[in-house]
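Q: Below: one structure in structure tokens.
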Amino acid sequence: MAHMLPESIDLEMLGIRLHTGDVAASTEMNLANAFGFAVALIGLAGHLSFTKLGHSKVSKSVLAVMVSLLMAGLPFAVLAAAPVRSRLTGFVLSYHAVLGFFRWVEFVLGRGPKGSAASSLTFAAYLCSPAEILFEEGKMKRLSSRTAACKGLAIRAVWHSSLFLAINSIGRATGMLPFLPGKQHPSSLPFYGLPRSLPALYLQTWLVYSMMELFMLVYRMPVALLGVETGVVFKAPLLLSTSLREFWGRRWNLLIHNLLKRSFFGPLRGGPAWQQHLGGFLAFVMSGLFHEYMWLVLAASTRDSRYVFGKVLSFFLLQFVATAGQAILSSGVLGRAAKAVPGPVLTFLVTLAVLPASPLFLEGVHGMLCEINVIMPAVEIQDGGVGLRSATLCLVAASPVAFLTRTFTR
């Protein structure tokens, strides 16, 4: 298949060239989702063993640690046994491992959704699903209309595919570093090249978001076909967030947010203020640590990596400080004044609050983002060279798609 499909198709009448991407690498990435079955088997065996241990706390603790280490180490074993073509494959492996790890922790602590561990088979299904299966009255929540749910997911997937194509085309045209002299990476520039690097950081953030949202919509589809309801993962965080608390708590990657909330923030929520702040701090720390783990897996999948341990964790710690600061100020004069500011202006300010620290997050995945430009389909506008005109035209084309995406993600 990879040899049958041309690398690019010229559409001269439209003045564009369609890059079809690396089919072999895309296929490898999709096949990596089978790793979820390995996670399911580990969860199945772990659940059966854990429930049979009765009240033996020592044995249960040993088993909990062993299963956790097995889940965390398995992606490295896979990468060592079979070198991969793309970093995206390592990303998929690490994503399944992270979800399996946190859901296992939920089970051990007894904080998972009611019914998620009702049986070993149910727990295995919950553990390996890349989408968030919802539960109601101790059972998997059934869709009121399977057809309507699948149709809604399909429509959103189509719009996000268009958005991703536009963003990826801009990334391919600019090397993911628009307006930076000599295509220098922000990490090689003083103060990360700010403020000149802001367009590049914004573009990279959009690529991460559009890819993740598209993946999650695709992951939710087969579960919906089985008649089971799944949770929304992203709620237009880059278009509708009017505060940092809203960005991180109600719009960005709600699947991970819910896992961390149940495991770390929830148990401390009903206590005094300092406990609630501690719960929020732990949630951000765990976000940083599991991203460190994922970036480490990405680094293991290639010899060329910008990953430096500690930078991703630093990013999330800075976001905690900023979010906590906003929470403190929101009850004062600034908080009251913010209510009179138009929503788009607040969204712009939230973006400005996140982007300056984003190189700490994006540096370790820059190589993967550049690979996405090559592996995934992209459109090149034929103008005698891939330059600013191409990027501008792609951006103009992406604008209505972004507007419709905002409409479909409210």
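In case you wondered, yes, glycine gets a Cβ from its N, Cα and C as well.
These came from TrEMBL, pasted as-is:
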DOMAIN    238-312  domain 'Wax synthase'
TRANSMEM  31-50  transmembrane segment
TRANSMEM  62-81  transmembrane segment
TRANSMEM  88-105  transmembrane segment
TRANSMEM  200-219  transmembrane segment
TRANSMEM  278-300  transmembrane segment
TRANSMEM  312-334  transmembrane segment
TRANSMEM  346-366  transmembrane segment
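Distances, neighbours, how buried they are, the whole picture for these features please.
A: The average pLDDT the prediction assigns to the domain 'Wax synthase' (238-312) is 87.
Long-range contacts of the transmembrane segment (88-105) within the same chain: residues 25, 28-29, 32-33, 35-36, 39, 42-43, 46, 64, 67-68, 71-72, 74-75, 78-79, 112, 116, 126-130, 255-256, 259-260, 263, 290, 293-294, 297-298, 300-302, 368, 371-372, 375, each at least 6 residues beyond the stretch ends and with a Cβ under 8 Å from a Cβ of the stretch.
A Cβ distance under 8 Å defines the sequence-distant neighbours of the transmembrane segment (200-219), meaning residues of its chain 6+ beyond its ends; these are 129-131, 153, 156-157, 160-161, 163-164, 167-168, 170-171, 174, 176-180, 186, 193, 233-234, 237-238, 253, 255, 351, 354-355, 358-359, 362, 365-366, 369, 372.
Outside the transmembrane segment (278-300) by six or more residues, the chain places 72, 75-76, 79-80, 87, 90-91, 93-95, 97-98, 101-102, 256-257, 260-261, 263-269, 307, 309-310, 312-317, 319-320, 323-324, 361, 364-365, 367-368 with a CB less than 8 A from a CB of the stretch.
Within the chain carrying the transmembrane segment (312-334), a Cβ under 8 angstroms from the stretch's Cβ atoms is held by residues 243-245, 248, 277, 280-281, 284-285, 287-289, 291-292, 295, 353-354, 357-358, 360-361, 364, all 6 or more beyond its ends.
Same-chain neighbours of the transmembrane segment (346-366): 87, 176, 185-187, 192, 194, 197-198, 201-202, 204-205, 208, 238-244, 246-247, 291, 295, 298-299, 305-308, 311-312, 314-315, 318-319, 322, 338, counting only residues six or more beyond its ends whose CB sits under 8 Å from a CB of the stretch.
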Q: So what's near the transmembrane segment (31-50) in sequence-distant terms, Cβ-Cβ under 8 Å and 6+ beyond its ends?
A: 60, 63-64, 67, 70-71, 74-75, 78, 84, 89, 92-93, 96-97, 99-100, 103-104, 107-108, 117, 120-121, 123-125, 127-130
Q: DSSP says what for the domain 'Wax synthase' (238-312): how many helix, strand, coil residues?
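A: Residue counts in helix, strand and coil order: 57 helix, 0 strand, 18 coil.
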